[in-house]
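Student: Below: one structure in structure tokens.
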Amino acid sequence: MLVLVINCGSSSVKYQVRDTAATGEDAQVIAKGLIENIGGAEIPTHTEALHIMAEALVEPLHGKTIDAIGHRVVHGGEIFSEPVIITEDVITKIDELSPLAPLHNPAHVLGIRAAQETYPGVPMVAVFDTAFHGTMPAHAYRYAVPEDFYEQYGVRRYGFHGTSHDYVTGIAADFLGVERSEFNGVIAHLGNGASITAIEKGACIDTSMGYTPLAGLIMGTRSGDIDPSALTSVMIQNPEITAEKMDTILNKQSGLLAIAGNNDMREVVEAMEGGDERAKLALDMTSYRLAKYIGGYHVAVGGMQALVFTAGIGENSSQFRELAISRLGALGIKLDAEANLVRGDEPRVISTKDSAIPVLVVPTNEEKAIAEATEALTK
Ligand code: AMP
């Protein structure tokens, strides 16, 4: 089946056409691309962007037609706990969830509408970044704040990167030869955004991102967890820092960037190796925060059968993995230094044979997961 996977942001569209019947990643990916600067003079709306995409797909498709379209949608709120066929009602609900994801959900609606115009009659599926976390129990997703916050504003933990955590959980269980429904593990998705998920019996029981993707781990430009009173205190002391400004500071000017002066993990590691004290502090903070979460989630899942690293940093930064794993001695986890240096697209073990808990690297593939979910609902 030929599935077009679309990820619409407010000013960009990322797309990929996948042949789900082909074998291997290279054969599956028929075409991919990124269209930016939507809203500018040349590409005023998502409709023009999708026309440009459709034009670019003519040649690689060789006359074949798209069978189905899968849309990545950031927020499914408490409504969507699995992928769904897109109907008018679904579009309305995605739009109604916009207060929870003001930058993303309105853009998804524009993208879905534009796709309907460009590919009339082609079935479409929405795959939600939050959906996999729908199995969290209330004691993990509720915040201890007045009930109104939850009832009126939907303030609770939702979690993100769900498509990736779900996909990697399935691959890890398979790799270990464990039934997914019997698999307890901890998945660390460490990319530009980073989150960690506690998996019990193959399902999510806790995750580090919260009401928004700001919470939890220290990321490239996001602070992760912080005492909220520190923020209100700064805002009271300096009224020029409005809520919007504070939001920008925490999301775009914090994390590795704030401490090390750079948000690219490769460069921060290089700087540390060259003796840069700020880079060292940033990496110490980031790996320490991650190790605390791993310890906590090990307890949450009743003892993990594996710790799994994925995404840009998790898959590629042997140095960062080493820093994090060096803090896990109390769990009897031992890194195999040589295995840790191996690179590749396949799942692999990076712990020693006598490590109390195996540590894996499992490459993630959100487009593949979205294409498979789309196929499952439309074939
Ligand atoms: P993602 O959001 O999953 O694409 O991950 C992006 C992050 O992965 C960036 O912080 C990059 O610095 C990091 N990254 C990608 N390749 C490498 C690498 N070879 N070594 C260290 N970090 C990497």
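Cβ atoms are placed via backbone N, Cα and C, with glycine included.
Among the features that TrEMBL reports, Mg(2+) binding site is placed at Asn7, Glu366. Marked as ATP binding site by TrEMBL: Lys14, His189, Leu190, Gly191, Asn192, Gly193, Asp264, Met265, Arg266, Gly312, Ile313, Gly314, Glu315, Asn316. Residues or ranges marked as substrate binding site in TrEMBL: Arg72. Residues or ranges marked as active site, proton donor/acceptor in TrEMBL: Asp129. Positions annotated as site 'Transition state stabilizer' by TrEMBL: His161, Arg222.
Tell me about the surroundings of these features in the structure.
Tutor: Glu366 (Mg(2+) binding site) carries a helical DSSP state (H, G or I). If you take the C-beta of Glu366 (Mg(2+) binding site) and look for same-chain residues 6 or more apart in sequence within under 8 angstroms, you find Arg72, Thr163, Ser164, Tyr167.
Listed in sequence order, Leu190, Gly191, Ala194, Met265, Phe320 are the same-chain residues at least 6 apart in sequence whose CB falls under 8 Å from the CB of Ile313 (ATP binding site).
According to its DSSP assignment, Arg72 (substrate binding site) is in a strand.
In this view, Asp129 (active site, proton donor/acceptor) is surrounded by 24 other Cβ atoms within 10 Å of its Cβ, with every protein chain counted.
Shown in sequence order, Asp129, His189, Gly193, Ser195, Thr197, Met209, Ala311 are the residues of the chain, 6+ apart in sequence, with a C-beta less than 8 angstroms from the C-beta of His161 (site 'Transition state stabilizer').
Around the Cβ of Arg222 (site 'Transition state stabilizer'), the same chain contributes Gly193, Pro213, Leu214, Leu250, Asn251, Ser254, Gly255, each under 8 angstroms and 6 or more positions distant in sequence.
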Student: Any idea what the Cα distance is from Asn192 (ATP binding site) over to Asn7 (Mg(2+) binding site), rounded to a whole Å?
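Tutor: Given the Cα positions, Asn192 (ATP binding site) is 17 Å from Asn7 (Mg(2+) binding site).
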Student: Given the recorded positions His161, Asn192, Ile313, Glu315, Glu366, return the subset with CB under 6 A from an atom of ligand 1, ordered by sequence, or none if empty.
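Tutor: Once distances to ligand 1 are taken from each Cβ, Asn192, Ile313 fall under 6 Å.
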Student: For Lys14 (ATP binding site), what is the secondary structure state per DSSP, taken as helix, strand or coil?
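Tutor: SS state of Lys14 (ATP binding site) = strand.
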Student: Once the DSSP letters are reduced so that anything not helix or strand counts as coil, what is Glu315 (ATP binding site)?
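Tutor: For Glu315 (ATP binding site) - judged by DSSP and reduced to three states - the answer is helix.
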